[in-house]
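As recorded in Swiss-Prot:
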BINDING   ARG52, THR53, ARG102, HIS130, GLN133, GLY256, PRO257  carbamoyl phosphate binding site
BINDING   LYS80, ARG167, ARG217  L-aspartate binding site
Amino acid sequence: MRPPKHLLRTSDLDNSQIETILQQAQTYKDMHHRENLKNKTIITIFFENSTRTLSSFEIAAKRLSADVVRLDVSKSSTTKGESMSDTAANLNAMNPSAIIIRHKNAGAGYYLKFQVSCPIINAGDGAHAHPTQALLDLLTLKEHFDNDLNNLKGKKIAIIGDIVNSRVANSNIELLSRFGMEVILVAPPHFLPSTHLRTCYSLREIAKEVDVFMSLRTQTERHDKQIYGSLKDYASQYCLTPEILSDRDVIVLHPGPVHRNIDIDDEVLKDPRCKVLEQVTNGVCVRMAVLEFCICT
């Protein structure tokens, strides 16, 4: 029996596997129903709130004809003191085909993989990693740059905002750097991690040299204290506005949820250069490909 194929971080995949997943995802764009996962059962267990990721995974599974069981954490035995380890062991005893988990603690999926015999797919763990978000972002970039990952080499992407608290940033930094993009981190000092990457405190200073803007939400739920004067003060420096984009050939990404007029201006969200909804569409296709990869290969 082969060991389960987990996806806990982007580094679990080599470049060839990533390219295979993206190619497979693109084949799903015009196909809304396949039977690749018929008679498979997938459990989703989210200890943090989610709109896009949870819905995207469940739609992806159902489009592949899998049965989906959503564990309602608020009604589960974890509220009675059952440990994560025991929860995982009990779920595993039901022989699911995969478990998709989101948790506030970094490394939760890594810990659970030793308790189960099926694939664990990380849907976000604390500020650590969000591999499927990075994969869907990579697909969005691939499609924009003439559907060729080689065209990403040398392109500059500014990741803007609450980087130190962002699992999306961590996963994208690892993945996009691997495919040759130059990553620039743009944020106030207290939002920047210790890094070897180029950093900048001013969005306007680097706006004219980048090809891609990736804005991030300010994750106030991960802040121990107020660390900026106000969201209005923050937006005055880091909100993506029509003035910042100007008439340049750039695109805008955001993992959602978007804080309108704080992360991205209303007018920019309506601009065709803003690819936020394309990211959401790509998310379903990428997660279909990830589920098939982890369960069937």
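Placement of Cβ uses the backbone N, Cα and C atoms for every residue, glycine included.
What you see is a predicted model, and the numbers here were worked out from it, not measured in a lab.
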Conformational class of PRO257 (carbamoyl phosphate binding site) under the three-state DSSP mapping: coil
Between ARG217 (L-aspartate binding site) and GLN133 (carbamoyl phosphate binding site): CA-CA distance (Å): 14
Closest of LYS80, ARG167, ARG217 to ARG102 (carbamoyl phosphate binding site), Cα positions, binding-site residues only: ARG167
Shell list (carbamoyl phosphate; ref centroid = CB of ARG52, THR53, ARG102, HIS130, GLN133, GLY256, PRO257; cutoff 8 A): SER50, THR51, SER56, ALA123, GLY124, VAL168, PRO255
Spatial separation of ARG167 (L-aspartate binding site) from THR53 (carbamoyl phosphate binding site) - C-alpha basis, Å: 13
ARG52, HIS130, GLY256, PRO257 screened against ARG167 (L-aspartate binding site), Cα within 10 Å - retained binding-site residues: HIS130
Intrachain C-beta neighbours of LYS80 (L-aspartate binding site), sequence separation six or more, cut-off 8 angstroms: none
Euclidean distance between Cα atoms of GLY256 (carbamoyl phosphate binding site) and ARG217 (L-aspartate binding site), Å: 7
Surrounding CB atoms that lie within 10 Å of the CB of HIS130 (carbamoyl phosphate binding site), all protein chains: 26
L-aspartate site span - longest C-alpha distance across LYS80, ARG167, ARG217, in Å: 33
Among the carbamoyl phosphate-binding set ARG52, THR53, ARG102, HIS130, GLN133, GLY256, PRO257, as the record gives it, the longest Cα-Cα distance in Å: 16
DSSP-derived structure type at ARG102 (carbamoyl phosphate binding site), helix or strand or else coil: strand
Chain-internal residues near ARG52 (carbamoyl phosphate binding site), provided their CB is under 8 angstroms and they sit 6+ positions away: PRO255, GLY256, PRO257, VAL280, GLY283
Among GLY256, PRO257, the most crowded of the binding-site residues [Cβ within 10 Å]: GLY256
